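Taken from Swiss-Prot, the feature substrate binding site covers ASN203, MET232, TYR261, HIS297, SER317, ARG318, GLY319, ASP358, GLY359, LEU360, ARG361, GLU397, TYR424. The Zn(2+) binding site annotation in Swiss-Prot covers HIS401, HIS465. Marked as [4Fe-4S] cluster binding site by Swiss-Prot: CYS541, CYS544, CYS549.
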Amino acid sequence: MEQRIKFPRSEKVYLSGKLFPEIRVGMRKVEQVPSTTFEGEKKVITPNPHVYIYDTSGPFSDPDIEIDLKKGLPRLREEWILNRGDVEQLPEISSEYGRMRRDDGSLDHLRFEHIALPYRAKAGRHITQMAYAKQGIVTPEMEYVAIRENMNCEELGIETHITPEFVRQEIAEGRAVLPANINHPEAEPMIIGRNFLVKINTNIGNSATTSSIDEEVEKAMWSCKWGGDTLMDLSTGENIHETREWIIRNCPVPVGTVPIYQALEKVNGKVEDLTWELYRDTLIEQCEQGVDYFTIHAGIRRHNVHLAEKRLCGIVSRGGSIMSKWCLVHDRESFLYEHFDDICDILAQYDVAVSLGDGLRPGSTHDANDEAQFAELDTMGELVVRAWEKNVQAFIEGPGHVPMHKIRENMERQIEKCHNAPFYTLGPLVTDIAPGYDHITSAIGAAQIGWLGTAMLCYVTPKEHLALPDKEDVRVGVITYKIAAHAADLAKGHPGAQVRDNALSKARYEFRWKDQFDLSLDPERAFSYFHAGRHTDGEYCTMCGPNFCAMRLSRDLKKTQKQK
């Protein structure tokens, strides 16, 4: 497995903090070649400025940092966490299941060896980023994300509203989430909120029939290379605990999970055997491994399950179907809803955020914006307030399959019912007729809802509805969603969002091919298509040829006008 991430003519650079000078925020600097023009017979060379690019590749792209997947990434945030004096290291793992896996000698060949004992909040201490923000405290993590969001706007003279204090205010008010489990110090701080860059999430994970630990770690690295801002491990197959440990220890972005999946695996797939006690132990197990946010389908209510019966496609969420069946079998309220305050008490001890899962999201455009979907959204609005009361950061998951004319209503209702908590949507897919191309059908909806205010977009791969995605599918899904997210950032007017577009457009106009490749979302793919055209670095491509290139003719026209 390749353990280095490389981009052509790019350099890993770091910007330092002002409040916390020890902070070093990594980003990618792309050097451009100079522009060449002629004034009469005189050749004029004009330098082009470097371009800074938001970078999710972490230490993997820094040639000065030694990478050893068996030891994990550097523990970037550990010193910041300990300096606050609010946490303690536990003498052993708290989870009964975690101890059982640790003591099982048959798993030694699968195990990540360098496991540190977990941290937890000291008694009576409030350690979440939201708790600090409410107290008026700007943490190193908050300054880190402010620098990261702005990149080199200051150098370029671009005004920006994003300061460490602005970050603090957004977190305190619940409008943004900074997912940062104290047991995942390897993660570089990032922020999810409508007043920041639109983020994308990548789903990976094994199933009962496919994939290995090595493959999932490779997918995680691959996602980070192409720009995945967060990563969800949705493993449902064997050795979920061990797979997750390897991923977290080698992941520079926040990691999320759906704990009910592992809980169901522990009872051999028998939904009726799920209990609060089992689920609670699973939460603690994953908190102490370092999961940064949990999708929890606590919005499923016993009295709302029947609303999905009217649908064309019923309930399509795995977590939603599990909890709906549990409610019906036991004829009672979901234990996730009944114990939501207890869940938040656990999460607050580790600073784990809650992503309120949309278990009743529509699985077809026919079912979009129906009574079942919006009944669950109402419950989410109640739950997000309860999470905030416990100082737990929270965001709201959304659809799904929604035709374009119904997208705006989703965003407006979510803002109204969920008190401006960040929205996190799966697409939405705007049509149902394109299996094999659902990364495109969903990116259309994702760009629109991102522009309207959704904070994070969950990627969709070409294999959606068809098969488990492989490494190449991850690449296509991430790039497709980076397009959607960036399109939304441009429409929102995010500070500095236009810089990269302008640089690439200028390079295109001047036929600086290498700069076009290097500034693109996927330099390798762009170069491969260009190279396949079998031509040199001339002032045209095989699309138009030398006589029909509009940009070449436009440049000639401009040159003629100057001479006159």
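Quick reminder: no glycine exception, Cβ is built from N, Cα and C everywhere.
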Which of TYR261, TYR424, all binding-site residues, has a Cβ with the fewest other Cβ atoms inside 10 Å: TYR261
Largest CA-to-CA spread of substrate binders ASN203, MET232, TYR261, HIS297, SER317, ARG318, GLY319, ASP358, GLY359, LEU360, ARG361, GLU397, TYR424, angstrom: 20
Cα-Cα distance linking HIS401 (Zn(2+) binding site) and GLY319 (substrate binding site), given in Å to the nearest integer: 17
Site with most surrounding Cβ atoms, counting all protein chains shown within 10 Å, from the binding-site residues GLY319, GLY359: GLY359
